[in-house]
Amino acid sequence: MATTTPERVMQETMDYHALNAMLNLYDKAGHIQFDKDQQAIDAFFATHVRPHSVTFASQHERLGTLVREGYYDDAVLARYDRAFVLRLFEHAHASGFRFQTFLGAWKFYTSYTLKTFDGKRYLEHFEDRVTMVALTLAQGDETLATQLTDEMLSGRFQPATPTFLNCGKQQRGELVSCFLLRIEDNMESIGRAVNSALQLSKRGGGVAFLLSNLREAGAPIKRIENQSSGVIPVMKMLEDAFSYANQLGARQGAGAVYLHAHHPDILRFLDTKRENADEKIRIKTLSLGVVIPDITFRLAKENAQMALFSPYDIQRRYGKPFGDIAISERYDELIADPHVRKTYINARDFFQTLAEIQFESGYPYIMFEDTVNRANPIAGRINMSNLCSEILQVNSASRYDDNLDYTHIGHDISCNLGSLNIAHVMDSPDIGRTVETAIRGLTAVSDMSHIRSVPSIAAGNAASHAIGLGQMNLHGYLAREGIAYGSPEALDFTNLYFYTITWHAVHTSMRLARERGKTFAGFAQSRYASGDYFTQYLQDDWQPKTAKVRALFARSGITLPTREMWLKLRDDVMRYGIYNQNLQAVPPTGSISYINHATSSIHPIVAKIEIRKEGKTGRVYYPAPFMTNENLDMYQDAYDIGPEKIIDTYAEATRHVDQGLSLTLFFPDTATTRDINKAQIYAWRKGIKSLYYIRLRQLALEGTEIEGCVSCAL
């Protein structure tokens, strides 16, 4: 007769959340209870998913019903032979896919899967969602649809949240992740900006605005002195717009604003995030970013005064908006110009204030203006970033008449994101096909996006075909291979991995241009067209420096691009062009990295067992990928690793990424503002393009989070 132990009785009566919570409790031997998380997955499916899933007699009946009742978009399915569609669904369900963690399964079923209109029952499993995404993005191409299905089911490629959530649904938001818009120094542009915030937020995107062009507080209006209210009232209007707009009630809109460090309102701008700020100026939900040029660091090094220049005067004097001026290059000229009003603050005091605000709020983000523009291969100027600080693209101004109609449609920015899982890519049978499939999938998102409510976004997307291929699971992969994050081997791998991805990404974009007979607008003026983009790859030696990394690529069967391959690619690009103005950007990957069982982006883990605060559900626990009780020493967390090794890692990747990378800096609870400033200076010297949040270890607050942009966080 079988005996029943107290432990077995307890496990059989525990629900899936209780089982998942046991990840955070050691067993009697002092080990992490990874098996309890696997039991939580089984319990979740047995007691929740299956009882709440709608069943159908066949896939054919399921598709017919979902189209007829308004769940699936028949236009997507109609582009294929129905027999192929049924085979692809069967192929997906035969893949043997299984969620690796409870949080991954829970995230998918609460946030991504198609539900009945009352929200109570599930109409999809993971394989179904993947297949609908693949069918949508392949646009009738059976081969591409199959490849996308395989890449997603294997975990090698994952589209960002808006794409993965909305593809194939009849009632959906846009497939696009994020938007960046300029605001010019006139009421028409400001009014358009508020409307754009409403329209884009309603469609599920994160939206960033450039404020640098707006005249400062006290500037003239129609030549009458001391009339302008400056940037803060505009920030207030935008914050209210984002609070009002949300995607089908799913989440509050998310917005960011960027201001140049040499704008006269910069200190008022930073003060809006102080904990004790007056309610009249306090900004609670809008994210802040500061654009800092090289000259600011030089002035701080010299302990000199830094000049803040009037955007109103710059526009009148030079015929250009403030954001289109290279302040470092023209600093002395602007100082000497008596027609440009200027005020002065101490440069070191500015950095001290910056660190104080970051200490209190985690903001602002930082974009290193001159570093970004030196690395930019596209003609034009980059003067802002996005809600997650990884999108870096050129823009151009729009003009309006008194009716707010466009007299000239400029180019604003949208970016279509998706990420590769580094561990699975290194296991890919064909890394070239993996990257090509991802680039083609993301390009489809761009091709299918037409944001008519904001014509400057539509025009920018139509001209640029810009995408952002990201990466995740770097720490997970390194740990799996016995490599410490930030070690010489880790830096060597990061450099050569991104080097290899870059060749395949550019090669795919060249093939797209050759197939379609079309490049992005402005290709002829780019460093791709001149061949200058390829100089670093033709001059430097791109081979592993460590035996460990050489062995990793050899084991994976990956051929590192040779100088001859780069020469051939350069010649092909100069002949055919490339289709995508921008190709890579590394976002902070949130929800999707849990579904993929990946470490977030390319930064280290924040804890061996991460504690997530998930709305009304409470705490959910997530074990780091590939972690066992035998390799825990490979999983040092970001706070212990410290900012320098993280910056070193990002610097290796930055050499190859044409846009930016979301880089969060982590500090122990003993950190000071001086530590933050030292890390910022180190990042600038290492060629980092932008900095995302500042995070201080606060043990009392573990399991809480500051919500950023769900779109960009994937």
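Cβ coordinates come from backbone N, Cα and C, glycine included.
The substrate binding site feature in Swiss-Prot is assigned to Thr161, Ser177, Cys178, Gly206, Asn386, Leu387, Cys388, Ser389, Glu390, Pro588, Thr589, Gly590, Ser591, Ile592; the stated evidence is similarity to another entry. What Swiss-Prot lists as disulfide bond is Cys178-Cys415. The annotation site 'Important for hydrogen atom transfer' is assigned in Swiss-Prot to Cys178, Cys415 on the grounds of similarity to another entry. The site 'Allosteric effector binding' annotation in Swiss-Prot covers Asp185, Arg215, Lys222. Residues or ranges marked as active site, proton acceptor by Swiss-Prot: Asn386, Glu390. Per Swiss-Prot, active site, cysteine radical intermediate is recorded for Cys388, and the stated evidence type is similarity to another entry. The site 'Important for electron transfer' feature in Swiss-Prot is assigned to Tyr692, Tyr693. What Swiss-Prot lists as site 'Interacts with thioredoxin/glutaredoxin' is Cys709, Cys712.
Location within the structure of each feature annotated in Swiss-Prot.
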residue	record	CB count, 10 Å
Thr161	substrate binding site	24
Cys178	substrate binding site	30
Asp185	site 'Allosteric effector binding'	19
Lys222	site 'Allosteric effector binding'	5
Asn386	substrate binding site	36
Cys415	disulfide bond	31
Thr589	substrate binding site	30
Ser591	substrate binding site	22
Tyr692	site 'Important for electron transfer'	28
Tyr693	site 'Important for electron transfer'	21
Original post:
Rounded to an integer, what is the Cα-Cα distance in Å between Asp185 (site 'Allosteric effector binding') and Asn386 (substrate binding site)?
Top reply: 20
**OP:** For Lys222 (site 'Allosteric effector binding') and Arg215 (site 'Allosteric effector binding'), determine the Cα separation and express it in whole Å.
**Re:** 12
Original post:
What does DSSP assign Thr589 (substrate binding site), in three states?
Top reply: coil
Original post:
Which one is it: of the recorded positions Arg215, Cys415, Tyr692, Tyr693, whose Cα lies the shortest distance from the Cα of Cys388 (substrate binding site)?
Top reply: Tyr692
Subject >> Listed in sequence order, residues with CB under 8 A of Arg215 (site 'Allosteric effector binding') and six or more positions away >> reply: Asp185, Ile221, Ser228, Gly230, Ser310, Pro311, Tyr312
Subject >> Rounded distance in angstrom between the Cα atoms of Tyr692 (site 'Important for electron transfer') and Thr161 (substrate binding site) >> reply: 19
Subject >> Structural state of Cys178 (substrate binding site), classified by DSSP into three states >> reply: strand
Original post:
Taking the Cβ of Glu390 (substrate binding site) as the centre, how many other Cβ atoms fall within a 10 Å radius?
Top reply: 28
**OP:** May I ask you to report the DSSP-based helix, strand or coil state of Cys415 (disulfide bond)?
**Re:** strand
Subject >> Whole-number Å value for how far Cys415 (disulfide bond) lies from Glu390 (substrate binding site) (Cα to Cα) >> reply: 10
**OP:** With Cys415 (disulfide bond) as the reference Cα, tell me which of the binding-site residues Thr161, Cys178, Thr589, Ser591 is the closest one.
**Re:** Cys178
**OP:** Mind giving me a neighbour count for Cys388 (substrate binding site)? Other Cβ atoms within 10 Å of its Cβ, every protein chain shown.
**Re:** 35
Subject >> Rounded Cα separation (Å) that holds between Thr589 (substrate binding site) and Tyr693 (site 'Important for electron transfer') >> reply: 14
Subject >> Tyr693 (site 'Important for electron transfer') versus binding-site residues Thr161, Cys178, Asn386, Ser591 - nearest by Cα >> reply: Asn386
